[in-house]
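Heads up, the thing below is written out as C-alpha cells.
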C-alpha cells in the first residue's frame, strides 16, 4: 500500500511539473512577443519622426532657393478670394519649421510654377493681343518686394555654402543638378593658366652669311 501511494505521489508531482513548465514556456513566449511588438512600434515611430524633417532660418531659405531657382519664392502662399475665407494662410515658416517639410510643399511656395513642354507649346501657339503688356507689369511688383528681403542672404553666400544642402534635397530629382554644378566647378578649377600652341614654330634654314668672331 505504501509503495502504491508513493508511486501515485511521484506521478502526480511529475504531471504538476510538466504543467508548470508549459505555463512558464507560454509566459516566456508571450513576453518575447510583447518585446517584439514594442520594438516594431518604436522603429515605426522613429521612421516617422525622421521622415518628418523640419527646416528653419537659413536652411529653409537655401532649400527654397535651390528648389525654385530663378523663379523666386514666397513666404506666404498667395490666396484667392474663394479660399481666403475657408482656409487660413499659415506660411512656409510655420509649416516647415514647426511641423514637417517636403519637396512638394516647397514647390507650392515658388513664385512661378515650372511649365511643362505641353504648356510651353500651347502658350506659344496661342496669340493673345494686349495680354503680355498686362503680365509684364504684375511680376515687377512682386520682384521688388521679394528680392529686397533677401539681399542680406545673398551677401552671406559663404555661410550658406558652409551649411551645405539640407538632407531633404537629396532626392533623385536634384542629384543631376548637383552633378552638373560639380562638373562645372572642376572644369573651372582645372583650367590651365597658359595655353600652349599646338603647332611648333617653323625652323629657319641656316644662312651662308655666317661670320666667326674668333
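Any Cβ shown, glycine's included, is placed from N, Cα and C.
The structure displayed is predicted, hence computed values, not measured ones.
Between the listed ranges 16-47, 48-79, Swiss-Prot ties the annotation region 'B' to 48-79. Residues 112-117 are the range that Swiss-Prot records as region 'D', among 10-15, 112-117, 118-123. Each of the disulfide-bonded residues 56, 96, 101 was scored by the other Cβ atoms within 10 Å of its Cβ; the lowest score goes to 56.
Confidence in the region 'A' (91-111), given as mean pLDDT, stands at 82. In this structure, the recorded positions under consideration are 68, 71, 110, and the one with the smallest number of other Cβ atoms within 10 Å of its Cβ is 71. Of all the disulfide-bonded residues given, namely 56, 96, 97, 101, none has its Cα within 10 Å of the Cα of residue 110 (disulfide bond). Across the structure, residue 97 (disulfide bond) and residue 68 (disulfide bond) place their CA atoms 18 angstrom apart. Neighbour count (other Cβ atoms within 10 Å of the Cβ, all protein chains): 16 for residue 97 (disulfide bond).
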